[in-house]
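Have a look at the structure below before the remarks.
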Amino acid sequence: MVHPLRQRAFRLLFVGRTLSSLGDFVIPAALAIAVHHATGSSGALALVLACAMVPRLVLLPLGGVLADRHDPRLVALAADVVRCAAQVFVGCVLIAGDPALAHLAVASAVGGIASAFAIPTTSPLVAGVVDAPQRQAANAATAIANGVTRLAGPALAGVLILSVGAGWAFVLDGATFAVSAVLLAAIRVRRVPVERRTLLADLAAGWAEVRSRDWYWTSLIAHAAWNGVAAVLITLGPAIAVDRLGGDATWVLVLEAGAVGLLLGSLVASRVRPRRPVLVANLGLATYALPLALLAFAAPAPAVIGSYGLAMAALGFLNPVWETVVQAEIPPQALARVSSYDWLCSLAATPVGYALAPLAAAAWSPQAPLLVAAVVVAVACLGTVLAPGVRRIGLPVPAPAPAAPEPVGAAR
């Protein structure tokens, strides 16, 4: 079977998505520096981040409707053009040396709006250029590339910030969106025409697709729980690591183990095809309870580091496997809307975790929210096994390799 990267359409899509992912992982450090230089306030950074997060969450379902009604390639292309303009604008303002909080907030909001329309196109684009038997390989390749950019992006950001300034990091991100848009313009995507209805009818139809599949909505609950408790760990983990597990270096090692684990999990997903993929992947997500519990009890640093690497490897395995199952089981004319609900649940849970973790830690102790989070993620992920669909769903069967030609004159 030919690997998807040998196919021109997916190769162009892959290169464009990988470059824009690299740019996205450059931005967090550059944005923090830019906001600090503009305001000197840590609260201002929260405001700028909220300017992107709020419209992204509000408009995600609308983005799903638009990507189902129209060519997802064109929706993604338009979103890339808008994000390119927003990032280049911020870069130019920073390079000119006169940044204002309003500039950063507005550009962040514009980028958040555009991403709400881009995110739901991710799955339909892969499904539209790659045949079903090859999609796990395609999704795994994308996940591996994202893992690499997650490691490389912050390092590249440091080089740019220290050498030429944070403004050029934004210009680079804008350039990656421009390249992605050009590559999207060069491919064609298969799509199924959708009957035009009202916006509310389209949203309701997408939600009906979610509600009618027990394996999907139970997994959505598990994925939302995972993202919420991950925010709890990221919020409370650094202080515990620094104060009780050996200092700053311990927390750095925890994060590095997570990044490596994420990459290794994606590599495993490129090779392994479990018979019950949703079941296996959700059970793997439950391992996130381990680093939460170990941090709560201030376990030895190697145990925390290793458990976090394992938990993130489970996430790296889940992402491409989940995408492959969704692309096979959800009707193509509803794929973007269904995906938008998945993203909405996952993204909305993260700020909830960020908000509740410090409040709970102040009211009781850091140990309490970490232990509660461990129980929540374990119950939510392990509980999905009660859904018959989770135990039933399998992966698309790979196409058999073509038989070798029979030698001339062979005996019959």
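Backbone N, Cα and C define each Cβ position, glycine as well.
Curation does not apply to TrEMBL; its annotations are automatic.
Just so it is clear, the model here is predicted, and its values are computed rather than measured.
Now, the feature entries from TrEMBL:
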- 12-38: transmembrane segment (TRANSMEM)
- 44-67: transmembrane segment (TRANSMEM)
- 168-187: transmembrane segment (TRANSMEM)
- 215-237: transmembrane segment (TRANSMEM)
- 249-269: transmembrane segment (TRANSMEM)
- 278-299: transmembrane segment (TRANSMEM)
- 305-322: transmembrane segment (TRANSMEM)
- 343-364: transmembrane segment (TRANSMEM)
- 370-390: transmembrane segment (TRANSMEM)
Could you check whether the transmembrane segment (249-269) and the transmembrane segment (305-322) come into contact, where contact means at least 3 Cβ pairs under 8 Å with the two residues of each pair 6 or more apart in sequence? yes
Please report, as numbers and ranges, the same-chain residues at least 6 past the borders of the transmembrane segment (215-237) whose CB is under 8 Å from any CB of it. 209, 251, 254, 278, 282, 285, 288, 291-292, 295, 315, 322, 326, 329-330, 338, 341-342, 345-354, 356-358, 361, 366, 369-370, 373-374, 376-377, 380-381, 383-384, 386-387, 389-390, 392-393
Six or more residues out from either end of the transmembrane segment (370-390), which same-chain residues have a Cβ under 8 Å from its Cβ atoms? 213-216, 218-219, 221-222, 224-226, 228-229, 232-233, 236, 276, 278-279, 282-283, 285-286, 288-290, 292-293, 295-296, 353, 360
Under 8 angstroms, Cβ to Cβ: which one of 12-38, 44-67, 305-322 has the largest number of such pairs with the transmembrane segment (168-187)? 12-38
By a Cβ-Cβ criterion of under 8 Å, what residues six or more beyond either terminus of the transmembrane segment (12-38) are in contact with it? 4-5, 44-45, 48, 80, 87, 90, 94, 99-101, 104, 108, 122, 125-126, 129, 138, 141-142, 145-146, 149-150, 152-154, 156-158, 160-161, 166-167, 169-170, 172-177, 179-184, 186-187
